[in-house]
């Protein structure tokens, strides 16, 4: 079922479409019904439709709902099955897909790897140490932040060097140049590069022509969270057909910290003067008290599009506001509210803005002997056990990945100590070789003890075995082979003990 405005959004296919949607107004339902309508009623090729959103969860939900909409009991769906499904990906997934196809046009190999924040910090720390720069005066994280800032302003190392005006920036500029040089040498990108390099390849005519022929219809969710370069990339893709639908809810813009631009909505109306605007204002999720409170708070914001949420739901409970004189008192008051309602056999959720705020709440819960669980403390892909196995896989895929090599060459312990790793890396720099190439001729590195050379030989032979294994097996089987061959579960048991080890092994199974 669709309400009047939702139906208008679903059936408006001919012109650029801007959907102004409030929370709980059924925007995902509207988007998925729009895709189903395009495929079933207008017979648009499903694989010419590109749907983009910000999170994997949102992408999964959209895929499931689209398939559900196409699957009607008693109807012959073999036609839909015979076509490729619409592409529903996150921004980063689709950009990485583009890069895997065409990054060789700008001097990278297609098997590039992506450095996360931890990898980035480690690489910058290596550069600082190699240049004898004081890491206390110039912490790696602070330098990394400056590089992130520059890249989000579309400045590469060369551009940044032209705008240096103080000593700190001169240090950053020096590190930035070496950072980009090493990323290229390791065939690696950081997260900011994904956007910048995508923009670069889309400015190559034959590449843009390829995607213009590949995709003709574009749907973009959470458009309020796009930054300037994302906006430009989407515009490039839609520039031929101009068949673009975006969903905008400036009440939920949460990415201003990474340059999400609230002005993009006005840029959209400037660039697509013929766009149709549809407002989804009926809320199906919340009570009247919640909706009225939200309207009252948001109406004071400047630079937002005009919309007023409403609902047919009940009035609901009143919102209770508590005041506290400090963080400890706030935690005590929160726990008192929970304590007073424990007999009601209900679950309670406490949301906090940053992780450090949980400590006092946890202490207050412990004092009352109230059991609790903390969710989201460490991101799944940032857990040590996940990063270790990922590092093995990345090194197998890209032997030039020095960051991954340094992470796992002695995990589990092979008696290859840091000093030996430093000798290996220095030798590779001095002779212009990759560390993997040096390992093939490790006996020539006489600065190493014979025991270290033997351990490195064994490590290299193991990597060779993994390379042969992946030629005939899946990534899943490779992971299992790595865990078994390096005795990783036994290593976790020795390092963390039985209880913590079990949780880490479960994480690996989930991975």
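Every residue gets a Cβ built from N, Cα and C, even glycine.
Heads up, TrEMBL stuff is auto-annotated, nobody curated it.
Database features, via TrEMBL:
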type: DOMAIN; residues: 1-287; note: domain 'UvrD-like helicase ATP-binding'
type: BINDING; residues: 21, 22, 23, 24, 25, 26, 27, 28; note: ATP binding site
type: DOMAIN; residues: 288-511; note: domain 'UvrD-like helicase C-terminal'
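Structural mapping of features recorded in TrEMBL.
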| residue | record | Cβ within 10 Å |
| --- | --- | --- |
| 21 | ATP binding site | 28 |
| 22 | ATP binding site | 26 |
| 23 | ATP binding site | 15 |
| 24 | ATP binding site | 18 |
| 25 | ATP binding site | 27 |
| 26 | ATP binding site | 22 |
| 27 | ATP binding site | 21 |
| 28 | ATP binding site | 16 |
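The ATP site, placed at the center of the C-beta atoms of 21, 22, 23, 24, 25, 26, 27, 28, has further neighbours from the same chain whose C-beta lies within 8 angstroms: 30, 249, 280, 283, 284, 285. For the recorded site, residue 21 (ATP binding site), the DSSP three-state label reads strand. Residue 28 (ATP binding site) falls within a helical segment according to DSSP. Residues belonging to the domain 'UvrD-like helicase C-terminal' (288-511) score a mean pLDDT of 87 in the model.
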